[in-house]
Amino acid sequence: MTDTAREGFYRQLAERLDDTRRQGLFKQERVLMSRQGPEVMCDDGVARINLCANNYLGLSGSEALVEAGVKALREFGFGLSSVRFICGTQGPHKALEARIAAFLGTDDAILYAAAFDANGGVFEPLFDEKDAIISDELNHASIIDGIRLCKAGRFRYKHNDMDDLARQLEAASGARHKVIVTDGVFSMDGTIAQLDKIVALAERFGALVMIDECHATGFMGKTGRGTHEHHGVLGRIDIITGTLGKALGGAMGGFTAGRRELVETLRQRSRPYLFSNSLAPAIVGTSLAVFDDLERSTELRDRLHENTAFFRREIAALGFTIKPGTHPIVPVMLFDAELAQRFAQRLYALGVLATGFFYPVVPLGQARVRVQMSAAHTREHLTRALAAFAQAGAELGILK
Ligand SMILES: *Cc1c(COP(=O)(O)O)cnc(C)c1O
């Protein structure tokens, strides 16, 4: 490559970055100087209430889990330097897979480095050009990428629209196998997929069902098993993917759970599993401790839902518009992108960390500050956060 050709390439990158900045879409990372938690130390030396982590059960900075991690690190070492099938499987990997499967009510489960990989590696080994994938239009990026890697026919249904799902199932009726794919919970609105209706449609049309439980495992449903428990369809979902990187301690790692022959097929053929390193022992050992906690009591889950009900009620009482629902994701609607950004900045100045989302992450005119509750938030945290919302809302003319 000549120097001018090289410079041309880097100039194009710089111009595109400038465009992104001009459009106000540049993602600036906030630097934390502390553990993740309900309150975090920011790099300006100010502690702020954190309302934007996926730390639903408040486990991310848990002292007990740090101890479990240290114990696993001491016994099983830092890393495996191997993929699973060569020499990268330790006893705890097998134990964790069994625990995940038991918790979700499936035969077996397989670990990945991330849920992004679980979704990226689930379709291609299971489905080919004779099959059809029927996918909610708002499914997570990793599902979209996973479907792209697979030769199956692609059908997209309107978000959460059961009539359109039925139409797409009809359109896919020539396929050998059909699979309906949906996020169990959608991250921008906290919308819970209508799994009872989806399962009924799947039965009517002879389709399999796959759900991505990243915003559900550990706290949705009576005992926290997920959206399938919430909707009373335990045992009737064929494929469940999820993450260890949100409610379940928040480190990293993903999984796919399902019938024995399905999981075995993935172990043989799923590329992100075959060609990527084993999950680190400290993560595996700590995750086992997380499942011990979850099966011992529903206390964290219950506290999370109490906090959610309290915050939803109080923020609406202040006069803010929220997307109705029950999930700990609470979208506080500002509608206007610039206002959402200014509002988030004002909250930051008032000691609250919350993120503004605007087009293209959410539809035009649907800008918002997305708040996420945690079991680790105390009433005092939430009351202080609500006071900041009230003040910023009054200052910016949102509350009359
Ligand atoms: C966060 C998320 C993922 C990715 O999970 P990682 O384990 O961080 O890769 C996948 N799907 C959904 C719906 C998510 O919210």
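Every residue gets a Cβ built from N, Cα and C, even glycine.
No curator has checked TrEMBL annotations; they are predicted automatically.
Of the residues Ser173, Ser187, TrEMBL puts just one in the pyridoxal 5'-phosphate site with Thr243, Leu244, Gly245, Lys246, Ser276, Asn277: Ser187.
All protein chains shown were included, and the count of other CB atoms within 10 Å of the CB of Ser276 (pyridoxal 5'-phosphate binding site) stands at 17. The average pLDDT the prediction assigns to the domain 'Aminotransferase class I/classII large' (49-388) is 97.
Annotation for Ser187 (pyridoxal 5'-phosphate binding site): same-chain Cβ neighbours under 8 Å, separated by at least 6 residues, are His140, Cys214, His215, Ile329. Contacts of Thr243 (pyridoxal 5'-phosphate binding site) defined by a Cβ separation under 8 A and a same-chain sequence distance of 6+ are given as Ala114, Ala115, Ala118, Cys214, Thr217, Gly253, Gly254, Phe255, in order along the sequence.
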